[in-house]
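All remarks here apply to the structure that follows.
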Amino acid sequence: MGSEATEQSSERSQWVLNSPNPPPLTKKLFGPLKNSNNFFFSSSSSKKETRSGRAVSFLASLFPILSWFRTYSATKFKDDLLSGLTLASLSIPQSIGYANLAKLDPQYGMYTSVIPPVIYSLMGSSREIAIGPVAVVSMLLSSLVPKVVDPDAHPNDYRNLVFTITLFAGIFQTAFGVLRLGFLVDFLSHAALVGFMAGAAIVIGLQQLKGLLGLTHFTTKTDAVAVLKSVYASLHQQITSSEKWSPLNFVIGCSFLIFLLTARFIGRRNKKLFWLPAIAPLLSVILSTLIVFLSKADKHGVNIIKHVQGGLNPSSVHKLQLKGPHVGQAAKIGLISAIIALTEAIAVGRSFANIKGYHLDGNKEMLAMGCMNIAGSLTSCYVSTGSFSRTAVNFSAGCQTAVSNIVMAVTVLLCLEFFTRLLYYTPMAILASIILSALPGLIDIGEAYHIWKVDKFDFLACLGAFFGVLFVSVEIGLLIAVSISFAKILLQSIRPGVEILGRIPTTEAYCDVIQYPMAITIPGILVIRISSGSLCFANAGFVRERILKWVEDEEQDNIEEAAKGRLQAIIIDMTDLTNVDTSGILALEELHKRLLSLGVELAMVNPRWVVIHKLKVANFVDKIGKERVFLTVAEAVDACLSSRFVNTA
């Protein structure tokens, strides 16, 4: 019976030693490019499929609307129509406000709510996400672009640079999708995004003090200290100088802000009244415009929007600045905008897709976002993405498909064609109020507390992003958050888990003796697990020294004991190890030599195929002996106890 078990164990060891070679480096590097065919063609497609069939498959993958529109019904359209109209009532005033936040004329915000939503409806896979300008991206542009071109001194150059940035953002997003580089977006972790959004919300709120207070002189900086200083200096200057300051801006702004927040509160408390916070911004614009028009408040110091250019989106192809000194800066800002926009959109889309119970393909979403921003850059739009507040309204209104975005876009277009002249007397303070009322949704204190409870290092990244954006700048906030996240990964790499294992009673499982105090260690045998994805130059020395320290401690503890209690073997469980480099192999060789000098044998358990391939190529397997490679820890321990490999030394 024992002989049969030994033969079976040897056979299983051969499975490990004779595992297939891993894929070559070229396949790892260029695999995503070769697999891009699966991005457009279904993996289930027959190889014998006709050329026309492949074309249909390509179009259906590129334009998901072709798949679901076949089963589209009048009932679904009724729901989408209601959702789209509700969405438009919120989108029109928010678009104007966000354009003002981005230091652009009002019509550009409305343009951004026409073309990009239509493109996304054709190419996107989310049924609920609402596309258009958002507060965070608008603030990002208003903080980065003025460092390149002054929007007050050169408004046309500023606008053209924003269009160019939008083009670059779309190109980057498209590349991320086609090349399956979505993991780049994950460098901005969830914790960092929570902190970034909260910091950005406060910065955006402080910037709205300009419109809320009716200030004419204001700083271009975005940090909280500079904005507060600017508010104080501007107020003091306008009050003490001959320049007249009117408190009516503040009265109008605060009055409607209270109305908007009240509507938001009622809508959150009573889900049946979801339409109230959705229609409240448009109602505020209409009422405030009527009040200013009838009372002639603009003659008494109330700042108004004045002219809003109407009509269909004009072409901006000739306005793109693809030559000149600012192309590099435009590409850099475009990359930052692309990542922020994608992170927000995919987070929003996936959260609502999970509620509805369907899967959202991140790479296809990136392609759709990229194409809509490329098209937007050619039609006088700036960077657009998915809005959480408008998506929540769209979801609550009962949208069924992306047709709600098309309905919203058509409604905004009709407004551009026929009603822009009615916006002439709209007070600037109401735009500030609309933006301020949307900011509480960006600050998630509950989620920040949850991050604190679960992972303190993640909370540090959250705080870094928050304080960096709030007190320095957007770029510094992002840099701090990403740096802390990388530092976390680096620490985990250079200080991997190296654990002593023991057998759980009545089982063949070997687990960490610290986590499972009931685990039983085997006298004379030290079972160690390397809990790291890679044994590399960053951590090989640490792992080697940790194991040798345990060996020395074990020898010291057993120095007065009988020979049978002496440490005889080290068994390394490599199940968690997915890769090893030359530094890792060198560390194993040095460990093996040191153990041999102490009379201790070395065995390996279940090295993954990449690891065993490299160890065989480096002749390390021959050095320790093929009989010292096992499939399970239990087999290695049994072999050691039966002296099958200890006695071969």
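We count from 1, first residue shown onward.
Every residue gets a Cβ built from N, Cα and C, even glycine.
TrEMBL annotations: computationally assigned, not manually curated.
Computed from a predicted structure; not experimentally measured.
In TrEMBL, the feature transmembrane segment is placed on 365-385, out of the ranges 365-385, 512-532, 617-637.
Among the stretches 161-179, 273-294, 365-385, 422-443, the one making the largest number of Cβ pairs under 8 Å with the transmembrane segment (191-209) is 422-443. Residue counts for the domain 'STAS' (532-640) under DSSP, helix first, then strand, then coil, are 62 helix, 16 strand, 31 coil. Contact count against the transmembrane segment (422-443) (Cβ pairs under 8 Å) is highest for 248-266, out of 248-266, 273-294, 365-385. Tallying C-beta pairs under 8 angstroms between the transmembrane segment (129-149) and each of 161-179, 248-266, 273-294, 391-415, 463-487 places 391-415 first.
Tertiary proximity for the transmembrane segment (161-179) is limited to same-chain residues at least six positions away from its ends with a CB under 8 Å from its CB atoms, namely 32-33, 36, 39, 102, 104, 141, 145, 148-149, 185, 316, 319-322, 326-327, 330-331, 333-335, 337-339, 341-342, 363-378, 380-383.
Below 8 A, the CB atoms of the transmembrane segment (273-294) and the transmembrane segment (391-415) form 3+ pairs separated by six or more positions in the chain.
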